[in-house]
């Protein structure tokens, strides 16, 4: 498996890796991963169902939260099959086209999550700085347009990055170093020039998460400026408290992303399983934590979720 002839992309079979060095413990490792996936899928589905079915939550803030839950569900589903397949059945093979499809959807839902977090920052800014015009600015039509823009932006930015991989030849080891297909991981296995691919991948990262993070910071600087101009301490506290859940969601998205970036660039001496576990955490922490953060910190969501659970229990 270490040496391959020059092959075209259509005939390539890649081999995914579980947790390097801990293969003997894959069955045990699968237990916490199953728990995390179950938490992510059930938590986000419950939040999404509560928002759809409860009229009291048909407001801009909760529409954006439903978008966040949808992207988290998509991200979880995109990685679940290959990750648990490795842990349970040692199913490591994945065709090139399947790998590209998984890579595209992982990247797409990641970019969408970053975009939705930016939209939610704008939502908080409008709600705090211009509360009287909040509903007229963020109309249902405007929110729908933002949703379409989020999907369109991700698709247009990521499609060239994925398509360019099909033009490469792969003549080295076909072993990928993660449980899922990542762009840098696949690109490194090519025996042809990948400078264009690297440039396109870096551009995609900068124009999505990079730009979004800057605008999120700017939004909060404006929010802080607005809140500090409020004379009532109770009103200031109320305004800040409405942002806590969103700040938590931003933290659980960007901290694993930054950690993964640092480990890839500066963790050359770190054991391989650390790279893999951080990459898995980057994919799983936001879907797991976001519904918990919003259920704990947002009273309306907590009440709606409990109401749905009570209704379900009563019917059963």
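Placement of Cβ uses the backbone N, Cα and C atoms for every residue, glycine included.
It should be emphasised that the depicted structure is a prediction, and the values quoted were computed from it without experimental measurement.
Of all ranges given (5-27, 143-165), TrEMBL attaches the label transmembrane segment to 143-165.
Transmembrane segment is the annotation TrEMBL gives to one range among 103-122, 123-142, and that range is 103-122.
The feature transmembrane segment, as given by TrEMBL for the ranges 54-72, 73-91, sits at 73-91.
Counting residues 6+ beyond its ends, the transmembrane segment (143-165) has Cβ neighbours under 8 Å at 9, 60, 63-64, 67, 100, 103-104, 107-108, 111-112, 115-116, 119, 183, 186-187, 190, 196-197, 200-201, 204, 207-208 in the same chain.
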